[in-house]
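Annotated features in TrEMBL:
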type     : residues : note
DOMAIN   : 7-301    : domain 'EIPR1-like beta-propeller'
REGION   : 104-124  : region 'Disordered'
COMPBIAS : 107-118  : compositional bias 'Basic and acidic residues'
REPEAT   : 226-262  : repeat 'WD'
REGION   : 318-337  : region 'Disordered'
COMPBIAS : 325-336  : compositional bias 'Basic and acidic residues'
Amino acid sequence: MEDDAPVIYGLEFQARALTSQTAESDAIRFLVGTQSLKFDNQIHIIDFDDENNIISKSVLLHQAGEIWHISASPADKAVLSTCYNKTSESRVVTCGAVWRMPPEWESGSHESPDDPHNSHNPQNLELLCHLDNSAHGNASSVLWEPMGDGKRVISLADNHALLWDLTESSTQATISSSATLEGKGQLKFTSGKWSPHHNCTQLATANDTAIRGWDLRTMSQIYCIENAHGQLVRDLDFNPNKQYYLASCGDDCKVKFWDVRNINEPVKSLEEHSHWVWSVRYNHSHDQLVLTGSSDSRVILSNMVSISSEPFGHLVDDDDLSDGEDNHQDENKEPLQDSIISTYEEHEDSVYAVEWSSADPWLFASLSYDGRLVINRVPRALKYHILL
């Protein structure tokens, strides 16, 4: 069974910001934000034609500054947010903003990346609103409410988590509540994730070596994993099918899996990378598939089946495991073994972001700092093993 070759797309600028277009469930589409100090920054809209293995792109200008974080609205394909650097009174500040793509971007203006005439006159993004947090410090990320209507976002700025309400047209944002990280020294959120569970009332954040959980109804802390990693925690992700499970990664080269009901130790720990791990992502449909990207230039796809919602190869409820009676058929069946499925080495620079496609659960993209975007697929043999 021959696996398809990876498809590689090169941006002319350095880049570290990647997201899939969350609201798009038909086309395979990723958004990439560039980091250039000399030229206008850009957002590349990358479409992937799965049948013909071809990438097409369109480019939009992001003149506000170099992009450190990008995320897409879950409700409106044309709306996205960025965190970007700009110079203000001879110091660099990081701001957050919500943007709309011009109406033409979807009307077939995509070009092949090899076309010499492409990106001759890219259009500007339309600014909808600033998440103006100059009083609260530098924005590190903007998180959209999962499965929401695209009207609630959280921005993490230095040691503040700010919950914003957007107006119907998204042209105005007001802070509805906020939480502040208290403690000694200069505390700073490095990343966060809005949980899709518990009616979207929980947020997890990372700062230094700690992971904290917050209740968004009261903006109060509900748990804290003090030394989750030996060094800085870089990224978090919630298991989409198991409400208490959370993955984290960091500068100690480790990826850890937590059950937040018991925070004394991780449920599982992986040590496959040889440098800082920048990004961890659960597959949206099959939560045993976990992607990680690291500054060892590698992307690793792991099969964490023992702590997934399908430990025996089919869906198991937490309640089923505690009911003695009904699971006779599983008594003699060993849980499947966790394994590293594949290590992808198409990058030559630090991999800062990995993302699963919103449209195709077997396809993912990774982005390294030199502007190389690689699209890969889950190996066919494993895909059929999971499906059949």
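Glycine too: its Cβ is placed from the backbone N, Cα and C atoms.
Any TrEMBL annotation is an automated prediction that lacks curation.
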- DSSP says what for the repeat 'WD' (226-262): how many helix, strand, coil residues? 0 helix, 18 strand, 19 coil
- Query: Mean pLDDT for the repeat 'WD' (226-262), as a whole number?
  - Reply: 96
